[in-house]
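**Q** Dumping what TrEMBL says about this protein:
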DOMAIN    A:34-163  domain 'Electron transfer flavoprotein alpha/beta-subunit N-terminal'
DOMAIN    A:186-263  domain 'Electron transfer flavoprotein alpha subunit C-terminal'
BINDING   A:GLY252, A:ILE253, A:ALA254, A:GLY255, A:ALA256, A:VAL257, A:GLN258, A:HIS259, A:ASN273  FAD binding site
Amino acid sequence: MAYFIQFEDKSLGENTSLATLAGVKANFSSLTNIVLTNHASDLHDKYANSGVKTVLYQDENFTVRDLAQTAEFLFNLLKNSNDTYIFEDSKLGNLVAARLAAKLAVPFIPSISNIKVGPNSVSLSREIDSTKVVRLSHLKGKGVISVAINGVVEKAKAEVSEKPMTISAEEPATYVEKRDAGNDLLFAKTVVAGGKGLQDAEGFKPLEQLADKLDASVGATKAVTDVGWLPVSRMIGISGVSVKPDIFYSFGIAGAVQHTTGMDQSKHIIAVNTDPTAPIFKLADYGIVGDANQVIDQLINLV
Amino acid sequence: MKIATIVKSELTDPKTYTTHRTKVFYHPEKLFLSDSDKAAVELAVKIAGNNGQVDLFTLEQGEVGVRVLHEALAMGAASATEFVGSDPNDPANAYLAAEKVSEYLKDQGYDLILVGDVVGSAPIAAYLAENLGFNLYENVTRLSPNWEYETELDRGQLKGKVQTPAVLTVEANAIEPELPSFPALEAAQKQTIKSVALNLDTEEASEVVVNQTQHPHVIWNLDEEPDAVEKLVAALRQDGIMK
């Protein structure tokens, strides 16, 4: 049994992605999604289609500004079970996960990129920076992990229930949003980006559909934002934003250095372009030489 | 004020680990004191001032442990201790190591424990805070003289006031460390390092193995292989990139 633990604080932008929930679900057959929130009534529909049984713990005073109280609530909730507790590999996820692990006196294994669930243990791989090695740990009993894995969001029905939690109204810290906090592209785990190879602004509609399926954010090259097919805030590259997602899908982008400077640190790059000599293929883990629009349509049907 | 700073190295050179087929080779000569630990030591020395004391500890082993302690001693710390018998990068038994370290530190009167935030190292700060009953402040990017701190989150910052005794994890940009002088470096090299055995149960230890899901660089041609998209999706699923 495993629990995926998330926070939905309406006053903060530090929420978990559905793609991570989908990725965790693909690994654990018995999974419960626990959501600590201050606006449960807004969340029923979102999780009713997540395919994972979800329990929303509601208190209007809840805030992740109080990390200690959040961890204390989780400790009291989970102390008598003997399971794996999973958080997203984000700064907030890791802060609460570490506190919970310390309270439970169990291992905390952060930044896991691959999970194998065996009969007696869970094998966890963590990439060691830019090396060619991974650290392999085996969780034999109760433990806390944080994961950087992504799945495809399936629209499957799931049971959603709501329970009260009691949180005091104290706030030991204030939260100040970063200037660019509103730009999803900067924080997305998956980015789907399009270039002039998508032909016209209409070509971005299927890309947005694909992004919806992958819980991804849509990016573009400067050439695309210059002609107004997408707003400038979506521009990736030397004149725009730099992104470092887990997965970067590049459609109809040749890969000029002005663009790749903003995405070449992505963990996995998948490229589609009609030109087999396009520089983007040098960066790609996987690529398809072919029409990007055609590939996007096929991907929408396949994932 | 009495401050303990737990220092470690940082993997900045990908050749710290090299591979040949399934074998992994470790090159500790490429590891040095991490930038965030330099910030932690600098912050500790500034807070301690003339009347306080900064003691260094490390869970690094062998030559790496000695190197990071010498580097940190040159920045103005008073003493250095290495904990022997643990891997500072192994998250699987970090809680056991933290338990032993907490036992060692608990009656020594520390007001503050500073730890650098190093990507890839095992997280021990929360365990130390829990075991010692200290407050915990992580990802600290700023600490003012009147104890106001800022914690870095993905899209914003938490701001509040540190209540001591406390454990703080410090980001590299929290303070700009001063370069140690040559006499300080020379004196640090001569300073004695104390060793304390942790005697950990290593049954739960993790292992470093070759990454079998290396970047494959496979390119299909849609004209020649009409099922290229199916092959792409299958490959992404097999590699765990798409679940």
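Quick reminder: no glycine exception, Cβ is built from N, Cα and C everywhere.
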**Q** Least buried of the binding-site residues A:GLY252, A:ALA254, A:ALA256, A:ASN273, going by other Cβ atoms within 10 Å?
**A** A:ALA256
**Q** In terms of DSSP three-state secondary structure, what is the assignment for A:ASN273 (FAD binding site)?
**A** strand
**Q** Ten-angstrom check, please: count other Cβ atoms within 10 Å of the Cβ of A:GLN258 (FAD binding site), all chains counted.
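**A** A:GLN258 (FAD binding site) is surrounded by 15 other Cβ atoms within 10 Å.
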**Q** Determine how many residues of the domain 'Electron transfer flavoprotein alpha/beta-subunit N-terminal' (A:34-163) DSSP places in helix, in strand and in coil.
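**A** Residue counts for the domain 'Electron transfer flavoprotein alpha/beta-subunit N-terminal' (A:34-163) by secondary structure: 34 helix, 48 strand, 48 coil.
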**Q** Where does A:ALA254 (FAD binding site) sit by DSSP, helix, strand or coil?
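**A** Note: A:ALA254 (FAD binding site) is coil by DSSP, not helix or strand.
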**Q** For the domain 'Electron transfer flavoprotein alpha subunit C-terminal' (A:186-263), jot down how many residues DSSP puts in helix, in strand and in coil.
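**A** Once the DSSP states are binned, the domain 'Electron transfer flavoprotein alpha subunit C-terminal' (A:186-263) shows 30 helix, 17 strand, 31 coil.
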